[in-house]
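Shown next, in structure tokens, is the structure this report addresses.
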Amino acid sequence: MQNLLSIITFLPLAAAAVLAVVSRGSGPAADRNAKWVALTATVVTFLVSLLLLAGFDPANPGMQFVEDRAWIMGLHYKLGVDGISILFVMLTTFLMPLTIASAWHVETRVKEYMIAFLVLEALMIGVFVALDLVLFYLFFEAGLIPMFLIIGIWGGKERIYAAFKFFLYTFLGSVLMLVAMVAMYMMAGTTDIVTLMSFDFPHADLPFLGWWTLTGGVQTLLFLAFFASFAVKMPMWPVHTWLPDAHVQAPTAGSVVLAAVLLKMGGYGFLRFSLPMFPVGAETMTTFVFILSAVAIVYTSLVALAQEDMKKLIAYSSVAHMGYVTMGIFAANQQGVDGAIFQMLSHGFISGALFLCVGVIYDRMHTREIAAYGGLVNRMPAYALIFMFFTMANVGLPGTSGFVGEFLTLLGIFQVNTWVALFATSGVILSAAYALWLYRRVVFGELVKESLKTISDMTTREKAIFAPLVAMTLLLGVYPSLVTDLIGPSVAHLVQNYHADLGTLAQATAGN
């Protein structure tokens, strides 16, 4: 089917335009119509993306469904997917209908709320399918705007502060990437991402001030420029401080999208740009990345143990889990990269579900303070069961997708650096500590607080939202080859080219 990627990318945008231009009036009927238009658009987008998945050839590691048209000023509108990017497209289209359904109770500026999420979906998909530097940057940066509005308009009491902190961190982190893109165009004469993957950027060591030499030279500088953007987006320690504030102030649906998809743009960027385009720079900075990741895993896990706000605890948990992802990516072997991608997919399901779990009781009690709860199992048995399932999955219980991602990632890291891997393994114990501590305080114990004695269990709508997330977490936990077979050839191609480039450069250096 021609133009399938364009259809998937811009279908939510078309629905947003319909809501903005056609939808008139206000009141309950207009709000209900806006919700149904948004839900229908996201469901249709997911169904169309299934056609993409059905027609995808996993054995082909190259780009598929490529669309390439001349655009402006010599630039090209070019889209395509490989085994890595198609997974993130599917994650996005799978989660968005659930996100819209979780926002069914919203009553303030409903039409605008739905438009913001539809625009955000289109921009997120665009990031994963763009094959032109400028197009990628436009999608990558434009995605800040709807998320900024979602936090700033529909967020909590400190929403303005959190929205601006989110915007400034992520925007300023991308400034260096823009400068690097201009430099890449001047050196390579193209903005085509596939072409740039095979371009040999200068890598000779650069002397500074006569006493210090930058290994990898220009490649390392380009790597660091992209690293600044992707590290903030993931986020990595110590540029993670915007995330807890953003999660705490964002509405539930905003937290789901932020944790499940937006953070993955950083990991995707490392896979699409950092490793294939700047192998010498990546190799030079690998130890640095390992150290930051290991510190993130342990430090943010310890910080999570001290939290009294449920959303903030889960936010710090996300930073710790992304530490495993960056370790796996920069291990640069099949198991490590497979595990990192699997971990990102799994984290999308599990973290999204955990934020939904917080949203369920927040809608009833209007507080996220852990101390305000206790004994919920006595009034909300279905909620207690679902919350326990995703708590165990977040810890990495065998049989869930959380276990597979962590196991593969650690397996890959052990092959590269045993000490770092052992240090990172301690994070598994810490994650069990904070996750079970949260669950015990919220769900177990006596139901002594009067305000909780009339709380109702989950509705049918809420259970229906969780059902697909439970199914995917279990399915990928017992049958992980559904993912590894899809991404395997593309990951193998990435890893082989990375090491081949390093080997070729090493031989050239030795010859000189």
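Quick reminder: no glycine exception, Cβ is built from N, Cα and C everywhere.
Taken from Swiss-Prot, the feature transmembrane segment applies to 3-23 (among others).
Residues annotated as transmembrane segment in Swiss-Prot, with sequence analysis given as evidence: 36-56 (among others). Here the transmembrane segment (36-56) has Cβ contacts under 8 Å with residues 1, 4-5, 7-8, 11-12, 14-16, 18-19, 23, 64-65, 81, 83, 86, 89-90, 93-94, 96-97, 99-101, 114, 117-118, 121, 486 of the same chain, all six or more residues outside its ends.
Sequence-distant contacts of the transmembrane segment (112-132) (same chain, at least 6 residues past either end, Cβ-Cβ under 8 Å): 5, 8-13, 15-16, 19-20, 34-35, 37-38, 41-42, 45, 63, 66, 68, 71, 75-81, 85, 88-89, 92-93, 96, 99-100, 103, 106, 138-140, 142-143, 145-147, 149-150, 153-154, 191-194, 253, 257, 261-262, 265, 268. Residues or ranges marked as transmembrane segment by Swiss-Prot: 112-132 (among others).
Look at Swiss-Prot and you will find 133-153 (among others) tagged as transmembrane segment. Long-range contacts of the transmembrane segment (133-153) within the same chain, counting only residues at least 6 positions beyond its ends with a Cβ under 8 Å from a Cβ of the stretch, are 71, 75-78, 109, 112-113, 116-117, 119-120, 123-124, 126-127, 159-160, 162-164, 166-167, 170-171, 174, 177-178, 181, 184-185, 191-193, 196, 229, 246, 249-251, 253-254, 257-258, 262, 265, 269.
Sequence annotations record features per position, and here Swiss-Prot assigns transmembrane segment to 166-186 (among others).
For 208-228 (among others), the entry in Swiss-Prot reads transmembrane segment.
Positions annotated as transmembrane segment by Swiss-Prot: 251-271 (among others). Same-chain neighbours of the transmembrane segment (251-271): 84-85, 88, 91-92, 95-96, 98-100, 102-103, 106, 117, 120, 124, 127-128, 140, 143, 147, 150-151, 154-155, 226, 229-236, 243, 311, 314-315, 318, 322, 325-326, 329-330, 337, 340-341, 344, 347-349, 351-352, 355-356, 358-359, 362-363, 494, counting only residues six or more beyond its ends whose CB sits under 8 Å from a CB of the stretch.
Swiss-Prot lists 285-305 (among others) with the feature transmembrane segment, giving sequence analysis as the kind of evidence.
Annotation source Swiss-Prot lists transmembrane segment at 313-333 (among others).
Among residues of the same chain six or more beyond the transmembrane segment (341-361), those with a C-beta under 8 A of the stretch's C-beta atoms are 84, 87-88, 91, 95, 98-99, 102, 247, 252, 255-256, 259-261, 263-264, 267, 271, 310-311, 314, 317-318, 321-322, 324-325, 328, 368, 373, 376, 380, 383, 386-387, 390-391, 393-394, 400-402, 404-406, 408-409, 442, 455, 458, 462, 465-466, 469-470, 472-473, 476, 480, 483-484, 487, 491. Positions annotated as transmembrane segment by Swiss-Prot: 341-361 (among others).
Sequence-distant neighbours of the transmembrane segment (384-404) (same chain, 6+ residues past either end, Cβ-Cβ under 8 Å): 317, 339, 342, 345-347, 349-351, 353-354, 357, 376-377, 428, 431-432, 435-436, 438-439, 442-443, 458, 463, 466, 469-470, 472-474, 476-478, 480. According to Swiss-Prot, the feature transmembrane segment maps to 384-404 (among others), an assignment based on sequence analysis.
Annotation comment: Swiss-Prot describes 419-439 (among others) as transmembrane segment, evidence class sequence analysis.
Note: the stretches the transmembrane segment (419-439) and the transmembrane segment (285-305) are in contact (3+ CB pairs below 8 A, sequence gap of 6 or more).
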